[in-house]
Amino acid sequence: MAPSIDRQGYWGRPTSTLDWCEENYIVSFYIAEFWNTVSNLIMILPPIYGAIQTFRDGLESRYICSFLGLAAVGVGSWCFHMTLLYEMQLLDELPMIYSTCVFVYSYSEAELRKKVYLQWKEPVFHQVMYGALVACLVLRSIFIVTWVYPWHKPLFYTSLAIFLLGFLLWNIDNIFCDSLRASRQTLPPGVGVVTQFHAWWHIFTGLGSYLHILFSLQIRSTYLKYRPKVKFLCGVWPTLHIEPQRTS
């Protein structure tokens, strides 16, 4: 989607190669896409907590990096949607590639590097590379829960379903943007916010990615002979509690 100017704001004319369906500078003079920005909190705060908990449990640093990588994606996405500047777009999209490489490394211990996007400003390249990495994760995970640890299926398929729901809403936002924008002109503001499907993409993919890191930790800790259990912080937010193996 080519950049458009709905209103002038603090950061000036958008220079990014993408401008999403949310109208610019409608809520705040300082934030170009308000709801697409604040929805990134789900990709910042919970992963930071996960990294701290993983460090306290004495687990491997790659999982700390996985949580911090997801938080970096959230920070980059926050900056991108707040400014709609090309530099901030890179701060959003490149961490998506690099952090997903960390997820892949957590399974295969093979590091992947992608740098071409710095020279070729075509967003399809980023989307294809990100999609390919996610596909690798999904296929590898399906193999693990089918043939190695089938009792860990619930967490994996929950994370996958939530992520796919976000992907569906992302496509609806792209395909039906004109209709969504028109509907917001007639709907009450509180109702129109619900149609900000790119913000929902952040929420669901952030939660799905967080759950996938928990799943990866669950698999690894099972292999290391721990007893991982999913528990809910304040009865709401899922966390992984690692218990040492019982000795007879």
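Cβ atoms here come from the backbone N, Cα and C positions, even for glycine.
Pulled from TrEMBL, these are the features on record:
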- ASP19, TRP20, GLU22, ASN24, GLU33: Ca(2+) binding site (BINDING)
- 64-86: transmembrane segment (TRANSMEM)
- HIS81, HIS198, HIS202: Zn(2+) binding site (BINDING)
- 128-148: transmembrane segment (TRANSMEM)
- 155-172: transmembrane segment (TRANSMEM)
- 199-219: transmembrane segment (TRANSMEM)
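Look at the binding-site residues ASP19, GLU33 and count other Cβ atoms within 10 Å of each Cβ; ASP19 has the fewest. When Cβ-Cβ distances below 8 Å are used as the criterion, the transmembrane segment (155-172) is approached by residues 134, 138, 141-142, 144-145, 197-198, 200-205, 207-212, 214-215, 218, 230 of the same chain, each at least six residues removed from its ends. In sequence order, TRP20, GLU22, GLU33, TRP35, ASN36, THR37, SER39, ASN40, SER77, GLN196, ALA199, TRP201 are the residues of the same chain, not among HIS81, HIS198, HIS202, whose CB sits within 8 A of the CB centroid for the Zn(2+) site.
Residue environment of ASN24 (Ca(2+) binding site) contains 23 other Cβ atoms, counted within 10 Å of its Cβ in all protein chains.
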